[in-house]
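Swiss-Prot has this to say about the protein:
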TOPO_DOM  18-1074  topological domain 'Extracellular'
DOMAIN    37-129  domain 'Fibronectin type-III 1'
CARBOHYD  Asn42  N-linked glycosylation site
CARBOHYD  Asn74  N-linked glycosylation site
CARBOHYD  Asn89  N-linked glycosylation site
DOMAIN    130-222  domain 'Fibronectin type-III 2'
CARBOHYD  Asn174  N-linked glycosylation site
CARBOHYD  Asn259  N-linked glycosylation site
CARBOHYD  Asn570  N-linked glycosylation site
CARBOHYD  Asn620  N-linked glycosylation site
CARBOHYD  Asn649  N-linked glycosylation site
DOMAIN    655-749  domain 'Fibronectin type-III 8'
CARBOHYD  Asn663  N-linked glycosylation site
DOMAIN    832-926  domain 'Fibronectin type-III 10'
CARBOHYD  Asn851  N-linked glycosylation site
CARBOHYD  Asn970  N-linked glycosylation site
CARBOHYD  Asn982  N-linked glycosylation site
TRANSMEM  1075-1095  transmembrane segment
ACT_SITE  Cys1350  active site, phosphocysteine intermediate
DOMAIN    1427-1696  domain 'Tyrosine-protein phosphatase 2'
Amino acid sequence: MRPLILLAALLWLQGFLAEDDACSSLEGSPDRQGGGPLLSVNVSSHGKSTSLFLSWVAAELGGFDYALSLRSVNSSGSPEGQQLQAHTNESGFEFHGLVPGSRYQLKLTVLRPCWQNVTITLTARTAPTVVRGLQLHSAGSPARLEASWSDAPGDQDSYQLLLYHLESQTLACNVSVSPDTLSYSFGDLLPGTQYVLEVITWAGSLHAKTSILQWTEPVPPDHLALRALGTSSLQAFWNSSEGATSFHLMLTDLLGGTNTTAVIRQGVSTHTFLHLSPGTPHELKICASAGPHQIWGPSATEWTYPSYPSDLVLTPLRNELWASWKAGLGARDGYVLKLSGPMESTSTLGPEECNAVFPGPLPPGHYTLQLKVLAGPYDAWVEGSTWLAESAALPREVPGARLWLDGLEASKQPGRRALLYSDDAPGSLGNISVPSGATHVIFCGLVPGAHYRVDIASSTGDISQSISGYTSPLPPQSLEVISRSSPSDLTIAWGPAPGQLEGYKVTWHQDGSQRSPGDLVDLGPDTLSLTLKSLVPGSCYTVSAWAWAGNLDSDSQKIHSCTRPAPPTNLSLGFAHQPAALKASWYHPPGGRDAFHLRLYRLRPLTLESEKVLPREAQNFSWAQLTAGCEFQVQLSTLWGSERSSSANATGWTPPSAPTLVNVTSDAPTQLQVSWAHVPGGRSRYQVTLYQESTRTATSIMGPKEDGTSFLGLTPGTKYKVEVISWAGPLYTAAANVSAWTYPLIPNELLVSMQAGSAVVNLAWPSGPLGQGACHAQLSDAGHLSWEQPLKLGQELFMLRDLTPGHTISMSVRCRAGPLQASTHLVVLSVEPGPVEDVLCHPEATYLALNWTMPAGDVDVCLVVVERLVPGGGTHFVFQVNTSGDALLLPNLMPTTSYRLSLTVLGRNSRWSRAVSLVCSTSAEAWHPPELAEPPQVELGTGMGVTVMRGMFGKDDGQIQWYGIIATINMTLAQPSREAINYTWYDHYYRGCESFLALLFPNPFYPEPWAGPRSWTVPVGTEDCDNTQEICNGRLKSGFQYRFSVVAFSRLNTPETILAFSAFSEPRASISLAIIPLTVMLGAVVGSIVIVCAVLCLLRWRCLKGPRSEKDGFSKELMPYNLWRTHRPIPIHSFRQSYEAKSAHAHQTFFQEFEELKEVGKDQPRLEAEHPDNIIKNRYPHVLPYDHSRVRLTQLPGEPHSDYINANFIPGYSHTQEIIATQGPLKKTLEDFWRLVWEQQVHVIIMLTVGMENGRVLCEHYWPANSTPVTHGHITIHLLAEEPEDEWTRREFQLQHGTEQKQRRVKQLQFTTWPDHSVPEAPSSLLAFVELVQEQVQATQGKGPILVHCSAGVGRTGTFVALLRLLRQLEEEKVADVFNTVYILRLHRPLMIQTLSQYIFLHSCLLNKILEGPPDSSDSGPISVMDFAQACAKRAANANAGFLKEYKLLKQAIKDGTGSLLPPPDYNQNSIVSRRHSQEQFALVEECPEDSMLEASLFPGGPSGCDHVVLTGSAGPKELWEMVWEHDAHVLVSLGLPDTKEKPPDIWPVEMQPIVTDMVTVHRVSESNTTTGWPSTLFRVIHGESGKERQVQCLQFPCSESGCELPANTLLTFLDAVGQCCFRGKSKKPGTLLSHSSKNTNQLGTFLAMEQLLQQAGTERTVDVFNVALKQSQACGLMTPTLEQYIYLYNCLNSALLNGLPRAGKWPAPC
């Protein structure tokens, strides 16, 4: 401190002196103001708690000195203590050695001359220091931590303690303490968790902090268990521990002192210690660890199992036993030896012992030794056994048995010796001297029971005598009784006698018996046991056994034993009723006895009921008051001394108690429910028996716990008696009988067929017996019974007549039997009002006058609906009106238009009647044919062909009904006279008339939904008319010139038919045979001969080959060779291509085929049909059945022509008479019609017409109109059911033949939406009807043919029959032979398939069926316009899953079908068949081009759309404009503008610079906008060679950005503009459209596809996106759409359909 003060003083003094000098130098100068600007001063500690650093910035230039002073400040803010001073000329100064955290006052003085000093006073504080000695340790609790620290040097205001959970970084505690606090305890912490503690020292706003980490202690497990798993493994278990991150296990071997440790992760609560020492105690300790903490938990002690000793051997030694073994692994506490046998002994040995001696003398016998090893609480033991024989007990000094042989001859000869031999040994066994005079010889130490020979030899070696004998055998060992299996048997056994023997002998004697011992039994040497039989039960016997060898016996062994007493015999247990008790009886057993032991058990549950000891004389015993219905068992045994015999058993029952509260109820006509209540006691089962009139009907056995049962299949309405019996074993007790009735049977369904005024009620009764009961049908009106009628049980049908039409009543059937009655549910009969009758339509040009008769009944109004028929078979709603009258005028209609009128009556019960529909056409306004039409064209040939042109009589020629050809030989007539139509060929040929009507035929241009021909050529003079005076196209007179005129007959329903004539044609000469060249005639003759020979050879070959199958019997044999050769069957995979090819050029190929078929079969005889008696039976005079195939009815007596009906057998696919085709019945042929049905066993009738159309009756109503049957001849027809649907009606009839007394059911299927001479609206409806027909035919049991009819039985009938046959052919042969099928049909019935439209429609149906594919294929294909939005939504579902699936099919089809337009096999077409024409493709290069290559493709547009030529690649002006001219293009579309960076293309002419090529010259005419605002350029193209000109409209549409599709509205608007351009001009056929794109082929593909799809939608009302995309992709791979573009086609088309097609839906216009 002193140096600082001194330094400060020196600095001050120096400054003072300097200031004085300065002030001296300023004397005489002006005074300056005192003070000056302040300094900018900054104070900091520079990170040091004992320093303060001052820095400043002077406000004035120039060097000044600075004086600084520093003093500490107390808590009240007053300076105190020693002042520190300093002086400097720098801009900063640092004070050292200050107190941390203390406040100081600083003064900074700027020393300026003349004492104008400036002083600044500041207060600052030094930074505090951190605490010292910070510690954080456990406080003895898992949830607490204790923190402690020492004071921080210097001053401070407080300490802040922040405790964080380290893992989650969450704050656990935040507390501030005073500076005097030096410790803190944290509680409620998580055990086993690491925390960080921050201690912050605060001094004002300054702070210093330090931190420390620490863990809380974990919670050790409170339970530990140790379990032995074997000799070397222990398993430890413990419960969970809170906060432990791991567990330390220490297992201590308490014998060896070794430790085994393991560290277990958290979450595991078990561990197995392996490879331990067997038989060793172990102590386990567990420690829970968390961080540095290890907390020991409980301990456990357990032993391992001891290991087993091995090689235990028990050896007999004389009269003692010796045991030895090998010790097992590991440790043990000792051994326990337990010897059992004739003598028992237990001893213990130390753990180190391995042998033991059991000292003798031990009695002989079988001994077993159990050696048990002990280790703690566990042991392990093994056993060994051996036999101890008596020989082992012989004294050691006895060497063996002794042989004593007598019979030695006495001799005094010295030196004699006795030589001993054995039978088993080859040499001498002994050699002893024989004393003189000895008479016996003795050998010792021999084998007992053995045979020996002794030779007596002299001193010279001579044998003087040989003697032999046996040693005495030893007795058998261990004689004992081993079994007493029967009271009269004892089984004894013994051990083999030592040595040798020849056998054993056994004898026995009963104690107390005066008889001698029993029979002696001699046994072989190997027998060691014997069963003594037929002994007296309950008696004691002494048994002796010994061994023998030779004549010697061993000592006998004796044993004393007793037989067991015999059990009592014939024990029985039964129930005695007088008195009521359970009684046991028995007979005395043989043998001895002292008493009887008697026990009685109840078996369920097993309970001892009684136990008695009865005297030996007792033979029965009884028990009273036992539980009823229980099974008991008695056990009886004989007592004799301490012995007890086996038990004799017998069972018996106590009778059960009868059930109570028996109740019988009926819930159904064939059921009875029986219930009862249990009574106390037991039972084994219940038996419930059902009786009907004392006859047992059924029996049911129930379990003892059941309290009810049901009887099924009973007779309804019948009284029954029920008996319930409770059984207990063989005993039973019956309850009182109970009687009950079953409910009467009622119909389970009432089927009501309603007609106006009556109802047929069919009662469906349940199957089975009807039973008894009385039934009534009841009608109620407004809840009151109004009518009742008795019914018979099982009655199936009854009629309700005179019901009020339009009224509602309720009906039920009620039946009663005994006290029970049942009723069906109420059936509400809402009687349908009858239909209107006598409907008459009076047509006019602009209105229809309608009259009818209202039906009787409770009716209200009549609803009249008017619909206009539109082309294609559809209708357009016009209006509807309700009226209560019977006449109505329908105004404001269109002339010559067909309307469908539907009249429906509304009853007051809100029921509508059956609609009566009729088609009525307004009449035409006055038809004004030309006065004289242009003459027809005549074609020359062997005959003459007159060509009739469509429109030759004006645009209203659709009103023409018939055309006629008038021929004349008058060369001066300008036009025919009206009288000419009255003359025929007969008048001309035989009577000399110049002009005559040669031919009359219906209008071939009748409007159809399919395209018709533009001209019709008919041959004249082709028929051989003989003498017929009718209109006949007879041969013309040779050598005459003829002129021809066409006459038209109107279709007006006026009294006088309007006629129109054409001018006569130029004269043409008829060709006579006389002028035909000879070579031509000879060629014709030879050709005819060759054809005849070929046919004869073919027939001969068929005869040799044998008959064909029925299926092919009518295929080709009657067909001209050239037709069969030309028209082959079409394979299924090629059918679509064939169809599209035949559809080209206005169905020209179809027309040619149909023309070829017109004359088929016409020359076949029809004599029976033309007979005068039968003419009136034909509906149309030109539709007559051929004789060879007509159906013949049974001829009626006296009526030779009654077998005729206008019907033919038609061969089906598999049978020659599979189908009958007939006309719709006339009133006069109704009886014949039903005779046909009955005699031919027809079960299915197909009706393809309505009864009336356009006011014309097409077919009589030949079935009952309601439930009232009708009779025709002997056949009565009942209408059983009628089910009308949208497009067909199903009916079922019952036919009853009056004379044959037989019944038969016939089903009728009527297709109601097929107009006469026309086709249905769509193939799908007819195909669905065919499937229904096939199902009904298969379900019909009858084998008769199918009957098909329409009106004439040829047009619609022929189409339907051909479709049936061809569908079978498709299924069986995978081909379709349409032409030959129709050919065969026409050979059997004329005019089968009557119109060209029907012929084409037949092909359409087959194509639709082919494209349907398998039933389980995908649902892509042609989609109806009405269903398109739903189809789009279905495909877009699940992230466009449907689109993705269909697009994959498209890619596969493109890959697989390189040349085929058929979709892949799993591709499915549904709904309406697409009629897109085949694509004709040509290319300028062989492969699909890149952008620099050129390719052109042609897409024909069909009859109503324009042809479309697509040009891709870089086309020059020559290629482009010459292609425009060659393809007669009138509209040119250019997609995409050229790149602005490239040179403008030179394919477009400019105003003053036309384009000139070798073929054409192209001029720009004008530029304008189309009506829709699209830029358009008009060009004039001049052909150089011919000079012809043509105007070409060019629309240029800029494409969108690359990779983006145009907005749907933009593309649709552009297509509309293109369509307007295509259809300009007078031609009905639009001009060709040529589209060109040099680069954007994808967008060109989208443009082309949308153009084709919109045309489909407009013309066909279906769209086929799949096939359109497939065709384009096969035409050019660059136009293959991406998945996004494919989805775009759907979305764009859906937008067009939802918002209306372009041009108000008239899309046939677009190209």
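Numbering starts at 1 and runs along the chain as it is shown here.
Using the three backbone atoms N, Cα and C, a Cβ is placed for every residue, glycine included.
Ranking the recorded positions Asn42, Asn89, Asn649, Asn982, Cys1350 by the distance of their Cα atoms from the Cα of Asn74 (N-linked glycosylation site) places Asn42 first. Looking only at Cα atoms, Asn649 (N-linked glycosylation site) sits nearest to Asn570 among the glycosylation sites Asn174, Asn570, Asn620. Within the model, the domain 'Fibronectin type-III 1' (37-129) carries an average pLDDT of 83.
Taking Asn259, Asn570, Asn982, Cys1350 as the recorded positions under consideration, the smallest Cα distance to Asn970 (N-linked glycosylation site) is found for Asn982.
In the three-state DSSP scheme, Asn663 (N-linked glycosylation site) is classed as strand. Listed in sequence order, Gly1224, Met1247, Leu1248, Thr1249, Leu1258, Cys1259, Trp1314, Asp1316, Arg1356, Thr1357 are the same-chain residues six or more apart from Cys1350 (active site, phosphocysteine intermediate) with CB atoms under 8 A from its CB. Looking at Asn570 (N-linked glycosylation site) and Asn42 (N-linked glycosylation site), their Cα atoms lie 131 Å from each other. Annotation for Asn982 (N-linked glycosylation site): same-chain Cβ neighbours under 8 Å, separated by at least 6 residues, are Leu997. Proximity to Asn89 (N-linked glycosylation site), judged by a C-alpha distance within 10 Å, picks out none of the glycosylation sites Asn42, Asn620, Asn663.
DSSP assigns Asn970 (N-linked glycosylation site) to coil in the three-state reduction, placing it in neither a helix nor a strand.
Cβ neighbours within 10 Å of Asn649 (N-linked glycosylation site), excluding its own Cβ and spanning all shown chains: 15.
Counting in whole angstrom, Asn620 (N-linked glycosylation site) lies 131 from Asn42 (N-linked glycosylation site) by their C-alpha atoms. The Cα of Asn259 (N-linked glycosylation site) lies closest to that of Asn174, out of the glycosylation sites Asn42, Asn174, Asn663, Asn851. Spatially close to Asn174 (N-linked glycosylation site) yet at least six residues away along the chain are Gln160, Leu161, Leu162, Leu163, judged by Cβ distances under 8 angstroms. Here the C-alpha separation of Asn663 (N-linked glycosylation site) and Asn851 (N-linked glycosylation site) works out to 71 Å.
Sequence-distant neighbours of Asn851 (N-linked glycosylation site): residues of the same chain at least 6 apart with a C-beta under 8 Å from its C-beta are Asp838, Val839, Leu840, His842, Asp886, Ala887. Under DSSP, the residues of the domain 'Fibronectin type-III 8' (655-749) split into helix, strand and coil as follows: 0 helix, 55 strand, 40 coil.
Summarised by DSSP class, the composition of the domain 'Fibronectin type-III 10' (832-926) is 0 helix, 54 strand, 41 coil. Per DSSP, the domain 'Fibronectin type-III 2' (130-222) is made up of 0 helix, 53 strand, 40 coil. DSSP assigns Asn982 (N-linked glycosylation site) to a helix.
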